[in-house]
Structures are given as C-alpha cells and as structure tokens.
Amino acid sequence: MAVWTRATKAGLVELLLRERWVRVVAELSGESLSLTGDAAAVEPEPPAAAFNGLPNGGGGESLPGSPNRGLGPPSPPAPPRGPAGEASASPPVRRVRVVKQEAGGLGISIKGGRENRMPILISKIFPGLAADQSRALRLGDAILSVNGTDLRQATHDQAVQALKRAGKEVLLEVKFIREVTPYIKKPSLVSDLPWEGASPQSPSFSGSEDSGSPKHQNTTKDRKVIPLKMCFAARNLSMPDLENRLIELHSPDSRNTLILRCKDTATAHSWFVAIHTNIMALLPQVLAELNAMLGATSTAGGSKEVKHIAWLAEQAKLDGGRQQWRPVLMAVTEKDLLLYDCMPWTRDAWASPCHSYPLVATRLVHSGSGCRSPSLGSDLTFATRTGSRQGIEMHLFRVETHRDLSTWTRILVQGCHAAAELIKEVSLGCTLSGQEVRFTVHYEHGFTITRDNGGASSILYRYPFERLKMSADDGIRNLYLDFGGPEGELTMDLHSCPKPIVFVLHTFLSAKVTRMGLLV
C-alpha cells in the first residue's frame with residue numbers, strides 16, 4: 001500500500017443545494033470535509049440596501065456575484081391569481097401590526113413585484129428585529145397592503161417606498177403563499193443536505209468529533225461535516241461539466257452525491273486532488289478494519305484477506321445502446337475480484353457482492369492512459385475479462401488519476417498471478433474419445449489426464465507446460481489441446497462452457513513466465 005500525505009485546504013466554493021448554487025466555506029482536513037454556509041453569499045443584498053431593513057432593488061434574483069446568476073433555475077412562476085389579484089386557494093388574509101424599532105426598521109427583506117410577475121413576498125425575517133418580535137409574520141407571506149395602501153399590483157420599488165414611508169406603526173395585510181416558500185427559503189446545509197453512509201462501527205472515528213454522519217456542530221453556524229472515509233471523489237461522472245469546474249463526492253452507501261463548483265478549472269483540479277488524496281490516505285485504515293472483521297469468521301482455506309478496495313466507475317449499457325459511467329466499489333482478495341454498489345461495512349454485506357469473479361480465471365486485457373486525466377477531459381480506463389460458464393464476461397472501468405490506473409493495473413496482474421500460485425491446480429471431469437476422464441492443470445506439473453479404473457486411477461497423458469503447442473476451444477463445450485505427441489490433437493468435451501479452464505490455463509502460463517523473469 002502506497003504512503004499518502006494528507007492535504008489540508010480551505011476556501012470558498014459553490015454547493016448545489018435544492019437545485020440552487022449556494023456559496024459555502026469548504027475546509028478540508030485529513031479525515032473530513034467541512035462545509036459552512038456563507039449567509040451573505042447565499043442571499044446577497046445590494047450595496048444600497050438599508051431602507052428599514054429592506055433591499056432597494058429588484059428582488060435579488062440576478063444580483064452581481066449571486067450564485068444563482070445565470071446558473072440556477074428560473075424565477076418561480078407567479079401563483080395563480082384571482083380577479084382581485086390575490087393568490088387563490090391559499091390561507092385567509094391576516095392583519096398584522098408591527099412597531100418599528102429605532103434601529104433596524106421592520107427587519108424584513110422582500111422579493112417579487114409586478115415586473116417579476118410575483119406578489120410582494122417576505123423573503124427574509126431578521127432575528128431579533130420588529131417583524132421577528134411580532135411572531136405573526138413568516139417567510140412566504142405576500143404583503144397585500146401597507147397602512148391601507150394596496151400593493152397587489154405594486155412594483156418592487158413601489159413596495160420598498162411604501163414600507164419606508166409607513167411610519168413607526170405599520171399595519172400589514174398579508175397572506176401566506178405556500179407554493180413560493182421553497183424559492184425564498186434560505187437553503188440549510190443541516191436540513192437540506194442529505195448525507196449518510198459513514199461506517200456504523202468505525203473504531204478509528206469513535207473518539208473523533210468528525211465521527212458518524214455529518215452533523216450540526218455549531219448552533220450559530222449552518223455547518224456540516226462530511227467524513228471522507230470510503231467516499232468517492234469523481235469528475236464528469238453523474239453531471240455534465242463542460243467548464244471543468246465541478247467536483248462530485250459520492251457517499252459510501254451510494255445514496256447521496258455532493259456537487260461542488262469552483263471558480264475555474266485550476267481551482268477545481270486543486271480541490272479534487274486534495275480531496276482524492278485524503279480519501280486514498282484513509283484506505284490502509286479501511287483495509288485493517290475489514291480484515292479484522294473478516295478474520296474472526298474466515299477459515300484456514302478461506303483466503304479472505306482484502307488486498308485492495310476503492311471506488312471507480314464502470315461502464316454500463318443502457319437501453320437503446322447508450323452507455324453510462326456509474327460508481328462501483330471494487331475489492332481484491334487473495335482469490336477473488338468483488339464488485340459492490342455500496343461499502344460493505346458488515347460481514348453480511350461483505351458476503352453479498354453484486355458480482356464475484358475468481359482471479360485465476362480473470363485477466364487484465366486493457367489499461368489505457370490518455371494524455372490527460374478525466375478531470376481535464378480524457379478517460380483513464382482498464383478492462384477485465386473473466387471466463388465463466390456463461391462465456392466471457394467483460395467489464396470496462398474508469399479511474400480518476402494516473403496513479404489510480406497504475407495501482408489497479410499492478411493489483412490485478414499481481415493478484416491473478418498470486419492466486420495461481422495459491423490455488424496450484426484445477427481439476428474437472430470431461431469426456432475424451434468416448435470415455436469419462438479427469439483433466440487436471442497443475443501450476444508446477446502441467447497437464448494430466450487420468451481415467452478411473454474401479455477406484456484406482458491410471459494416467460493416460462501427462463505433459464509439462466512447455467510441451468503445449470496449441471490450445472483452442474469452440475466456446476460451447478469442447479477444448480482442443482495439442483502437445484505434439486503421437487496421439488495428435490486432443491478433443492475434450494467439458495459438458496459446459498470451456499472458458500473458465502481456458503482462462504485458468506492462460507493465468508498459469510502468464511504467472512510462470514513472469515516468475516521466470518521472461519515477462520515484466
């Protein structure tokens with residue numbers, strides 16, 4: 001396992017939250033990524049906004065520097081309006097009396113107006129000021145009138161002036177409009193950013209403030225802490241990124257995805273490398289925990305030791321011939337290659353992979369390193385082929401960095417060869433020239449074909465690997481071997497697909513050639 005140096009980093013980024021881009025302060029530590037809401041950035045106010053606590057502008061939907069500018073969804077449509085201009089099918093009109101404070105005014109912000117095809121809406125109530133103390137106003141209230149002045153058809157500026165001239169005592173007619181609340185409510189990292197999948201029993205985090213699922217650690221800040229252990233950091237995976245500014249962080253249980261946007265390509269690359277580095281630095285800890293968990297139940301011949309585990313992307317075929325990359329967790333043990341759709345924290349989960357392939361019947365057939373990494377527009381991929389009873393199963397995987405590609409290439413090649421040395425031999429029954437025989441391939445001794453004679457076996461043929469001149473199969477049930485002997489080509493009916501034994505044969509040969517130093 002390589003030694004990784006953990007990175008620390010901090011700065012402003014944008015987070016996709018409730019289909020809106022909001023600015024957050026990101027802080028990366030060795031074990032977690034903390035996101036803190038930037039209140040001023042989430043709902044920016046124009047510079048001249050201090051008339052009785054009201055913004056003096058067009059509602060803030062497209063202010064310079066706003067995260068929503070040109071990026072978020074369009075302004076919400078106006079609620080259905082009746083003949084009098086009021087929203088239909090909504091709660092009754094309420095009359096609220098508010099006494100302004102000497103400093104701070106009403107203490108509300110408004111959005112909407114006739115030019116925006118919206119009623120005048122209360123979009124923010126400042127804590128501790130007059131509106132908040134009245135306990136009678138709420139976000140999403142439409143202001144219908146101020147001291148008798150009708151605001152149903154008022155522009156935003158007209159509403160601002162009416163509230164400004166209202167005097168110390170203000171009588172408001174308001175009506176709550178539920179449909180617009182999601183558009184004006186400030187997104188909350190604590191309540192609106194779902195994130196689960198941390199280890200349910202993780203010794204390494206048991207005494208850390210970053211343990212478990214993300215949480216609200218400071219009552220005065222909108223903050224969430226994302227444990228990085230077994231997360232998947234990716235680029236250009238689940239969301240198009242034409243500007244190369246996005247970073248995806250997938251939870252260990254694959255249920256949630258966090259999308260971050262940086263100011264430019266270079267910043268995004270820097271953040272991605274730092275996050276990815278810290279995730280990879282936690283892998284030795286994960287391997288130790290997994291092997292400790294599995295060691296309690298593994299048998300002497302179980303070979304359950306996990307050699308490597310990490311997230312990558314697998315190419316999946318969709319309807320219509322389309323293809324899509326999707327996250328997949330790959331684990332390599334002493335004998336098997338395992339694929340999961342989420343992190344198996346428990347023994348039961350570990351015992352139920354989506355796919356399991358014997359390494360001795362698997363080989364790496366492609367490992368391509370493009371001139372650039374996925375974060376810069378080119379894919380780094382490798383492919384595996386496994387001989388199974390159904391034929392050849394092929395998987396194409398994508399990694400995020402050149403180092404990942406190198407690691408997986410080495411792990412798979414060395415893992416297949418080590419599995420060959422560990423397993424030593426494979427034996428199966430078949431039919432040769434009309435008689436039932438047993439065909440055995442031994443890593444050291446080569447090929448043996450025996451026949452059972454009433455409890456005792458007799459050797460029909462025995463050849464070392466170097467005598468093999470040709471091997472072939474029909475992909476259905478027959479295996480053809482030619483050792484250059486007087487018997488000529490041997491045709492063995494395996495009664496099932498010959499691909500598993502063919503792949504085992506090739507793995508044995510590759511491992512022996514590598515051991516002899518003839519193949520690096």
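Each Cβ is built from the backbone N, Cα and C atoms, and glycine gets one as well.
Between SER66, SER75, Swiss-Prot assigns phosphoserine to SER75; no such entry appears for the others, which is not proof they lack it. Swiss-Prot marks one residue of SER90, SER251 as phosphoserine, namely SER90.
Residue-level annotations in Swiss-Prot identify, among SER32, SER375, SER406, SER375 as phosphoserine. The region 'Calmodulin-binding' (498-520): residue composition by secondary structure is 17 helix, 0 strand, 6 coil, according to DSSP. Taken together, the residues in the domain 'SU' (464-520) have a mean pLDDT of 91 on the 0 to 100 scale.
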